[in-house]
């Protein structure tokens with residue numbers, strides 16, 4: 001028998017023992033040994049085959065159109081949307097994702113919220129039998145890849161910017177970006193007596209107060225908190241409105257007076273009052289080699305390392321502070337908090353990782369720029385939502401030195417290493433077998449597990465996006481197959497608890513010092529991913545077969561003469 005103190009330690013780690021029981025082949029003998037040693041330990045109820053397979057189930061949420069709520073804050077084409085939602089429901093889709101635009105809800109003035117259009121939307125979605133992921137969208141819609149509409153920040157906020165343009169992110173040339181408020185004003189009461197963080201906090205509290213019925217009914221599965229441009233935790237380093245074109249390295253966005261002052265203070269504290277913000281980092285569409293900072297390894301000097309640490313640490317602190325407010329706002333609700341991280345895959349295979357660095361991800365061959373983010377999210381029990389799951393290296397131009405597959409593997413592995421849930425989405429609209437199979441691989445990198453829970457699995461997939469093109473017959477038939485494969489060939493499951501975790505949101509853990517977050521920047525070996533998915537939707541031959549089938553069907557129905 002074990003000494004009493006060891007016995008107590010094992011009893012206190014009962015969840016770990018259960019995980020061991022569920023994940024190691026042949027453990028029933030081990031579990032029986034523990035059970036007879038500690039008779040008070042509960043034996044887990046055996047799962048049926050169908051229940052075991054449901055543990056492989058990845059729910060899918062389809063993003064709604066960006067302008068589903070009009071610029072005058074009205075739900076558009078309700079009848080047409082209902083038809084599309086019912087089609088999604090018939091395809092066994094689990095739910096939708098929608099942006100809740102700050103620029104629409106609080107447009108009339110500070111603390112003047114109008115939630116009526118969103119209430120109408122959620123009522124419709126609920127009636128159609130779907131769940132909702134919502135994004136607290138504190139950014140402007142317009143100016144990013146795929147943006148087809150324009151929803152600016154609230155006018156009363158933009159008015160502050162007319163007299164103080166430094167409330168916006170600024171590049172070295174002095175160009176302002178009105179997509180999102182600079183993190184330099186997070187704690188400054190410049191907005192009718194409120195700080196930026198207080199504005200975000202009040203908005204989320206108002207959402208909870210006004211959507212109480214939907215929260216109580218567990219209609220919302222995730223509250224994704226917008227933390228930057230496009231709702232992503234990053235700097236607006238590659239704005240198309242300012243002329244950026246793929247695969248430009250982008251520009252650092254820290255030249256507003258507030259961040260400049262913060263950097264100066266940090267440099268003095270470091271003992272280098274002479275250090276200024278870099279002026280040799282190039283312009284939006286440069287290549288790394290054409291700049292002194294990236295091409296001559298200026299980023300690896302003492303000054304370069306200090307700057308990049310300061311730049312990326314500010315992003316970590318920004319996300320941590322706002323997620324803490326989100327946690328307070330939704331405390332006790334059965335929802336998950338989430339944050340989205342951008343998949344900046346171009347120049348990933350260049351030693352400088354230039355495009356990632358300008359966006360605020362201090363990621364190098366010998367430094368992990370994403371695991372510290374995952375560790376920060378773990379404090380708030382938040383999900384890391386990562387993009388570009390559909391992309392393959394072979395699809396990218398060689399001159400971009402792009403590595404989306406390796407980047408996805410690194411970021412997902414970092415999240416799982418930090419014991420947080422990881423979700424994902426595609427970055428660009430795709431309707432083909434190749435993209436779907438790549439997404440399926442990333443959702444379950446080691447395939448379906450028939451006897452025990454899969455070790456690696458995304459908690460959800462968000463699909464970009466609901467559109468007329470998706471609803472075209474050929475595209476939608478393949479999409480339905482894709483949904484079935486995400487569900488591991490199981491029928492639609494309305495009970496989230498059968499394949500995931502649904503618990504009331506607990507208070508964030510105590511604040512983690514930045515030094516402890518940065519310990520996670522040590523590089524690790526990513527988890528091995530299979531070469532292909534075991535839940536394929538088919539391949540090139542399937543495309544040909546689909547076209548023959550659809551042609552025959554259309555002829556039968558008289559649609560082709």
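Cβ coordinates come from backbone N, Cα and C, glycine included.
Feature annotation from TrEMBL assigns active site, proton donor to 232. As annotated by TrEMBL, active site, proton acceptor applies to 425. TrEMBL lists 99, 139, 147, 340, 345, 387, 426, 427, 465 with the feature substrate binding site.
If you take the Cα of residue 465 (substrate binding site) and the Cα of the residue listed as 'active site, proton donor', they are about 17 angstrom apart, rounded to a whole number. For the residue listed as 'active site, proton donor', the same-chain residues that are 6 or more apart in sequence and have a Cβ closer than 8 Å to its Cβ are 340, 341, 342, 387.
If you take the Cα of residue 345 (substrate binding site) and the Cα of residue 425 (active site, proton acceptor), they are about 14 angstrom apart, rounded to a whole number.
Cβ crowding, taken as the number of other Cβ atoms within 10 Å, peaks at 345 among the binding-site residues 345, 465. Neighbours of residue 99 (substrate binding site), defined as other CB atoms within 10 A of its CB across all chains, total 23. For the pair formed by residue 99 (substrate binding site) and the residue listed as 'active site, proton acceptor', distance between Cα atoms is given as 15 Å, rounded to the nearest Å. When Cβ atoms from all protein chains are considered, those within 10 Å of residue 425 (active site, proton acceptor) total 23, not counting its own. Around the Cβ of residue 426 (substrate binding site), a 10 Å sphere holds 23 further Cβ atoms from the protein chains shown.
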